[in-house]
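Here the structure is laid out as structure tokens; the discussion comes afterwards.
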Amino acid sequence: MAEKRNIFLVGPMGAGKSTIGRHLAQQLHMEFVDSDTVIEERTGADISWVFDVEGEEGFRKREEAVLEDLTQEQGIVLATGGGSVKSKENRNRLSARGVVVYLETTIEKQLARTNRDKKRPLLQTDNPREVLEQLAEERNPLYEEVADYTVRTDDQSAKVVANQIVKMLEER
């Protein structure tokens, strides 16, 4: 990979986008950016607060503005929010401005990885499994549509997944 193209990680919450993204950026000597962290920095509040006050629609508008800016950077590994692919504009930006890697995982792994995380507003419900199933039905086709590569993250360490992605990019 001679040029430093952007690498955009997409996938559901709990797939490992942030953790794998950090490993990947380190291996490739690139900058790691998490779009949710940037939204929190720009807003001065956490994601849960934005959802509570502005609703999902308000959050998605903020996310779209952040992705518009971040996808114009050069040489970054970007962990996107799980719902970022809902917007056609976001999908177009991601596809046009970098290599998109879909980190795929099972509902069981998502539940195991997110069960104590109170910073996930969509899962603050009596039946998080049902929510994750609905989100998967809605979003998985969008992840597949935008992805240049797909990697399963279920039973592998973040480092192993990052190594797989590096190999795929080298073979590109």
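Each Cβ is built from the backbone N, Cα and C atoms, and glycine gets one as well.
Annotation comment: Swiss-Prot describes GLY14, ALA15, GLY16, LYS17, SER18, THR19, ARG120, GLN156 as ATP binding site, evidence class sequence analysis. The feature Mg(2+) binding site is assigned by Swiss-Prot to SER18. The substrate binding site annotation in Swiss-Prot covers ASP36, ARG60, GLY82, ARG139.
For SER18 (ATP binding site), other Cβ atoms within 10 Å of its Cβ number 15. Looking at GLY16 (ATP binding site) and ARG139 (substrate binding site), their Cα atoms lie 16 Å from each other.
Taking the Cα atom of each, SER18 (ATP binding site) and GLY82 (substrate binding site) are about 11 angstrom apart. In the three-state DSSP classification, GLN156 (ATP binding site) falls within coil. A Cβ within 8 Å of the Cβ centre of ASP36, ARG60, GLY82, ARG139, the residues given for substrate, is found for these other residues of the same chain: MET13, GLU63, THR80, GLY81, GLY83, SER84, VAL85, LYS86.
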